[in-house]
Each structure stands twice: as C-alpha cells, then as structure tokens.
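Feature annotations, courtesy of Swiss-Prot:
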BINDING   GLY8, ARG11, ARG91, ARG137, ARG140  CTP binding site
BINDING   GLY8, ARG11, ARG91, ARG137, ARG140  ATP binding site
BINDING   ASP21, ASP23  Mg(2+) binding site
Amino acid sequence: MHIYKVGGAVRDRLLGRPVSDIDWLVVGATVEEMLAKGYRPVGADFPVFLHPKTGEEYALARTERKSGRGYGGFTFHASPDVTLEEDLIRRDLTINAMAEDEAGTVYDPYQGKQDLDKRLLRHVSPAFAEDPLRVLRVARFAARYAPLGFRVADETLALMRQISASGELQALTAERSWKEIERALMEVQPQVFFKVLSACGALQELLPELDDSSRTLAALEQAAVHEQPLHVRWACLLRGLSPTSIKAVNQRLKAPRECQELAMLTGECLAQGNQALELPATALLELLQKFDVYRRPQRFEDFLVVCEMAARGDGEQGYPQADYLRRAAAAARAVDVKPLVQAGLTGQALGEALKGERLKALEAYQRG
C-alpha cells in the first residue's frame, strides 16, 4: 500500500499558495484492507474512505470509462493493480495530475510542473473531452490563476469547443452547473471565467442571455475587486438583462433565493437607483417600499452596492445616489407608528396613514 497527496494540494504547494484541502490517493490496497485499518467508507460510486483520526478523504486508485452522457456517465474500476500513472491520467489538467509521497517526492508523469512554469492550463489526455463539467472547471481555474498569468492551452481550448458543440453541456444538471458558477464568481477574477466560456462556445450554451463584452463583465469585476459576497456578484453579472431574462436564468440554474431576489430587484430597479437624485418623493417611497427597507434594510444596502459597482464598471468616479438613497431610507424608517396606533388606526387605514407620514418625511428630506 502506498499513499500519496494528489491534485490541488501538490499544485498549490508548488505555486507557493496556501494549501487548504488535501486529497489522498491509496495505491495497492483493497477495500478490506482499508476497513481493517479503521477507515470509514463514504463513496457511493467508487471507494472513498475517511481517515479514522483526521477525517480526511482517502480514495483508492481507479480508472474510469465513458458509459453514458454527461458528468455522471462513467464506469469506474478500483483495484490494487491500478497504478499511480493510470489514476493520474484520468484527471483533467496536467497541473492537477501530480502526486507527492510521504517523503516529499513529487511524481509528475504528465509534465504538470512544466505547465506550472509555463503558466498553462493543459488537459492530460484526449479523455478530457468525455466530461462536460471540465469545461466549467478549466474556466474556473483560469479565473483563479489569471493573476499569476495562467491561460488555457490552445489544444485544450479546442477540446472545450468540441464539447460545447457536441451538446454534452446540456446533460449537466442545474445543480452541477450552478456549483461551478458559484465557485467561479468568488474567484479573484471571475470575469475571466465567463470570457473563457465565451471563447469555447460554452457561454452561448449555458447562459445565452449573456455576452462577454467588457460592459457586461465590468460590474462583476468591480464587485470582485471590492470583495463583495456571492449574491452581490450575481446581481452585478446580470444587471444588464431584462427582468424576464433574469428570471429565466435564475430558474434554469436554480440559483439560491438570496441571489435570485437581489438580481431580480436590480433588474427592476437599477434605472430608478441611477435616477434617484431626480425622483419625486412618491417614486422614492415606492422604491423603498419595493425593497421593504423597514424590515429588510440589508437587501436595500446590497442593491445600492450593486448600483455603485455598475457605475464604477461604467467608468463613473463616484455614485452620490447611494448616500442620497441611504439618507432617504433613514428618513422613512424614522417615522414613528405609535401616534397613529394611539389615534386608533388599524389595518388598511393604519397602513395608508403610515405611508402618508413617510411620504411627508421624504418630502421634508428632499427640501433639505
């Protein structure tokens, strides 16, 4: 039995980057031997075990064969006679197909170290084209390592185009696609992910509503620079689409509720946000009501951040509308409902009276 660190842990150590998760590969062992040593089985499709003390994942060396469409269309074979090289060749990129033994010796049968030095994302074997999820994974790695100067190798991009043209991307579930998009959105340069998808034809397959123009991606780029959370980045990406298109994208990818809500509200209200300084008090109140700023102030704040990121992406140096709207929201929230309740108002009458008082507060705010 031989145990190796594999994949990202080896890659990131060689790049001098922090190593978070470690994947372990076991060569020359049987399921029975792993169980006898106290490892706990967790793999549904192939033998993966949890270490009895650390809880880290240890997988038996395996080969795989294409047996159907999509990400899950593979048959796996794990046995003690599967070699290290046979296991590594099934991996996506050469930089992910390196292993390191307990003595620190790196095994690199497919020139991953050479590609690290060349800053190349290159596939290991032609079998790369059998897994459509790899198109998204490579684009995500391109986004992650763009600051280090990495690019997708021409021959790998050609295979990605082949996958996109084959229709195999349609076999990906919404959950798998969203998981990769979500991870890509949180990379340092998420706009690179969408540029790579566009370059290989995958963007048109997965997100035909989008393009890779600088304006489309500029707000997202700004959101990443300012380290904004996922739902803000998602809304920034979709900010140029119509509400109808935003709804279609959200439903197709089954985006999380928080992402869906902010993206939809942005699509519906971005124009009003940009015109805030000219809005009459009635329109201002309607905007605040739409966001329910009285009970959900953070959602409105997130919207203002999206507006600001979009303005920065469009080349604006500042966005005074944001502070103007924050002060307007504070003025509306400051209205005290108690006197109205004490006056005996209830139900719809109370709601209308409260709305009227908030309108007066906004008019007073606008008068200065």
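Quick reminder: no glycine exception, Cβ is built from N, Cα and C everywhere.
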Just the number: how many Å between the Cα atoms of ASP23 (Mg(2+) binding site) and ARG91 (CTP binding site)? 13
Does DSSP give ASP21 (Mg(2+) binding site) helix, strand or coil? coil
DSSP-derived class (H/G/I helix, E/B strand, else coil) of ARG91 (CTP binding site): coil
Which are the residues of the chain, GLY8, ARG11, ARG91, ARG137, ARG140 excluded, whose CB is within 8 A of where the CB atoms of the CTP site average out, their centroid? GLY7, ASP92, LEU93, ILE95, ASN96, PHE141
Cα-to-Cα gap, GLY8 (CTP binding site) vs ASP21 (Mg(2+) binding site), nearest whole Å: 8
About how far apart, in whole Å, are the alpha carbons (Cα) of ARG11 (CTP binding site) and ASP21 (Mg(2+) binding site)? 12
ARG91 (CTP binding site) CB neighbourhood, other CB atoms within 10 A: 21
ARG137 (CTP binding site) and ASP21 (Mg(2+) binding site), compared by Cα position, are separated in whole Å by 17
Among all chains shown, work out which of the binding-site residues ASP21, ASP23 has the most CB atoms within 10 A of its CB. ASP23
Can you give me the Cα-Cα distance between ARG140 (CTP binding site) and ASP21 (Mg(2+) binding site) in Å, rounded to a whole number? 17
Other C-beta atoms within 10 angstroms of the C-beta of GLY8 (CTP binding site) total 18
Quick one: largest C-alpha distance among GLY8, ARG11, ARG91, ARG137, ARG140, binding ATP per the record, in angstrom? 16
Between ARG91 (CTP binding site) and ASP21 (Mg(2+) binding site), the C-alpha gap once rounded to whole angstrom: 17
Lowest local Cβ density (other Cβ within 10 Å) among binding-site residues: ARG11, ARG137, ARG140: ARG137
Once DSSP output is merged into helix, strand and coil, ARG137 (CTP binding site) belongs to helix
